Amino acid sequence: MRENNQSSTLEFILLGVTGQQEQEDFFYILFLFIYPITLIGNLLIVLAICSDVHLHNPMYFLLANLSLVDIFFSSVTIPKMLANHLSGSKSISFGGCLTQMYFMIDLGNTDSYTLAAMAYDRAVAISRPLHYTTIMSPRSCIWLIAGSWVIGNANALPHTLLTASLSFCGNQEVANFYCDITPLLKLSCSDIHFHVKMMYLGVGIFSVPLLCIIVSYIRVFSTVFQVPSTKGVLKAFSTCGSHLTVVSLYYGTVMGMYFRPLTNYSLKDAVITVMCTAVTPMLNPFIYSLRNRDMKAALQKLFNKRISS
């Protein structure tokens, strides 16, 4: 009963990105700049794909889902950080902290599995072009997206429930600008050995899509290099280049965050999370649209339609 009362009244203090006021002011301005660009950029991708019938195919269906996930992903943390900075308060309730952690794990996993589905789509398109429409049918695409969301939720729920069962004594300062599982485990005065094992299991589940992406691209490049045509190789690189760039950015920052011992985590590592939670979702629309003629044409049509109306 006492633990329930503690959970209902407990508040955490979010130390921010650096914990230094002057630097926090800089990151506030940075986030104030990044967040609207992230929302507008990803929303434009979704609207362009929905409005252009030429983009109603598996590749762009998956891209639209990725853009939606990126909108939700950045919205879980940045608005709270901006609101806290404006109000001068750094506090977040226990329930709010768990909610934030749940959606970060959920959407992070969904993002990861969506990237794997996109790699699989490219592998099928290049290595089995004659069977592409059969394999990547609308039903298959829906199953891939639904599976991504289900796995994301299934991975997030156990971690959230386990964290909710922990006791927190004394220090309640979270070494980040949002509630993440790693700093919360470090704050707990409960036995966290099982929780740490579950966290690394979760990281393993999160890493499965990376293995799928690697296998997919091995298939892509083994197919491409069998074709004695420089043009074919260049076309494959142009088709897959944007996706590979996003995968490298995303997994590079995630590995910097989680592929390390729990004892090594400190406030300095919060800077890495800025790349994952804010910068990468902002860059994705630019990466996919600037290198894609069809997407640029669809965006141009969308702008022309809005201007003429």
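Cβ atoms are placed via backbone N, Cα and C, with glycine included.
Taken from Swiss-Prot, the feature topological domain 'Extracellular' applies to 1-25 (among others), supported by sequence analysis.
Residues or ranges marked as N-linked glycosylation site in Swiss-Prot (evidence: sequence analysis): ASN5 (among others).
Residues 16-18, 55-56, 60-61, 63-64, 67-68, 70-71, 74-75, 78-79, 81-82, 85, 177, 274, 278-279, 281-282, 284-286, 288-289, 295, 298-299, 301-302 of the same chain lie 6+ residues outside the transmembrane segment (26-49) yet bring a C-beta within less than 8 angstroms of a C-beta in it. The annotation transmembrane segment is assigned in Swiss-Prot to 26-49 (among others).
Cβ atoms under 8 Å from those of the topological domain 'Cytoplasmic' (50-57) belong to residues 64, 294-295, 297-298, 301-302, 305 of the same chain, restricted to positions at least 6 beyond its ends. What Swiss-Prot records for 50-57 (among others) is topological domain 'Cytoplasmic', and it gives sequence analysis as the kind of evidence.
As annotated by Swiss-Prot, transmembrane segment applies to 58-79 (among others). Cβ atoms under 8 Å from those of the transmembrane segment (58-79) belong to residues 31, 34-35, 38-39, 42-43, 45-46, 49-50, 100, 103-104, 107-108, 110-111, 114-115, 117-118, 121-122, 125, 136, 140-141, 144-145, 148, 177-178, 277-278, 280-282, 284-285, 288, 295 of the same chain, restricted to positions at least 6 beyond its ends.
Look at Swiss-Prot and you will find 80-100 (among others) tagged as topological domain 'Extracellular'. Within the chain, the topological domain 'Extracellular' (80-100) has long-range Cβ neighbours (under 8 A, six or more residues past its boundaries) at 7-16, 24-25, 28, 31-32, 35, 160, 163-164, 174, 177-179, 184.
A coil conformation is recorded for CYS189 (disulfide bond) in the three-state DSSP classification, outside any helix or strand. Cβ contacts within 10 Å of CYS189 (disulfide bond), excluding its own Cβ and spanning all protein chains shown: 11. Marked as disulfide bond by Swiss-Prot on the basis of sequence analysis: CYS97-CYS189.
The transmembrane segment annotation in Swiss-Prot covers 101-120 (among others), and the record cites sequence analysis as its basis.
Helix first, then strand, then coil: DSSP counts for the topological domain 'Cytoplasmic' (121-139) stand at 16 helix, 0 strand, 3 coil. Marked as topological domain 'Cytoplasmic' by Swiss-Prot: 121-139 (among others).
What Swiss-Prot lists as transmembrane segment is 140-158 (among others).
As annotated by Swiss-Prot, topological domain 'Extracellular' applies to 159-195 (among others). The helix, strand and coil residue counts that DSSP assigns across the topological domain 'Extracellular' (159-195) are 16 helix, 4 strand, 17 coil.
Residues 105, 108-109, 112-113, 115-116, 119-120, 122-123, 151, 155, 158-159, 162, 181-182, 185, 240, 244, 247, 251, 254, 258-259, 262 of the same chain lie 6 or more positions beyond the ends of the transmembrane segment (196-218) yet place their CB under 8 Å from a CB of it. Summarising the annotation, Swiss-Prot assigns transmembrane segment to 196-218 (among others) and lists sequence analysis as the type of evidence.
Swiss-Prot lists 219-235 (among others) with the feature topological domain 'Cytoplasmic', giving sequence analysis as the kind of evidence.
According to Swiss-Prot, the feature transmembrane segment maps to 236-258 (among others).
What Swiss-Prot records for 259-270 (among others) is topological domain 'Extracellular', and it gives sequence analysis as the kind of evidence.
If you look up Swiss-Prot, you'll see ASN264 (among others) marked as N-linked glycosylation site, on the strength of sequence analysis.
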Local Cβ density at CYS97 (disulfide bond) - other Cβ atoms counted within 10 Å: 23
Segment-segment contact (the transmembrane segment (236-258); the transmembrane segment (271-290)) at 3 or more Cβ pairs under 8 Å: yes
